[in-house]
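One structure is given below, encoded as structure tokens.
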């Protein structure tokens, strides 16, 4: 076994060991990879995602791959790619399956052969999440309709703080979201990534006006006011990161 394969296998094994004991019996709980690309220029990444990677992932059984750009003009430009896997095993095997996929190899040839001076991105960051028991899968909105997305990350001061915030979502807060029109796409506990410990979730709206109105409803909702005052949920979030996204034309989310 070469060093790269050994390191990859070791990371996956270590991650699996940290998952809840019941995860192996919750086949419906998906794992989500979120990539954030820092672009340099050109459209090579878009073409690669659209014509090579997404079709190959679809052949692997990944049904809905989301691709998004930040609303407005971000500097540098960023592309977000959401890849939901049915299991940890599917995530671990995906890269090796791509190397054996002849259609993928052919479709990605130009992208893989780019010279350094024509590279389409500088770097990308990747995080791996496990879906919440109360919202275990990615639920894609109607892709024929106009839509925007809000991606939120809640950082906690400790692992227990994040655990309690996840319990708050599972026990009551997701229900409140649905009641006031905060429509979830996914909820994920970040297992590997930046700013740990943390959780990340995504909401979708028709437009910013709907987003603002529904968050206002949430703030005044009596159930939210009740649960937010419970002592078991105190001091669960120490920092919130938020970004607004819009889908690319070929996004499946």
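Cβ coordinates are placed from backbone N, Cα and C, and glycine is handled just like the others.
Feature annotations, courtesy of TrEMBL:
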DOMAIN    32-114  domain 'NIPSNAP'
DOMAIN    149-252  domain 'NIPSNAP'
SIGNAL    1-23  signal peptide
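According to DSSP, the domain 'NIPSNAP' (32-114) comprises 38 helix, 21 strand, 24 coil. Along the domain 'NIPSNAP' (32-114), the predicted structure has mean pLDDT 96.
Counting residue by residue with DSSP, the domain 'NIPSNAP' (149-252) contains 45 helix, 34 strand, 25 coil.
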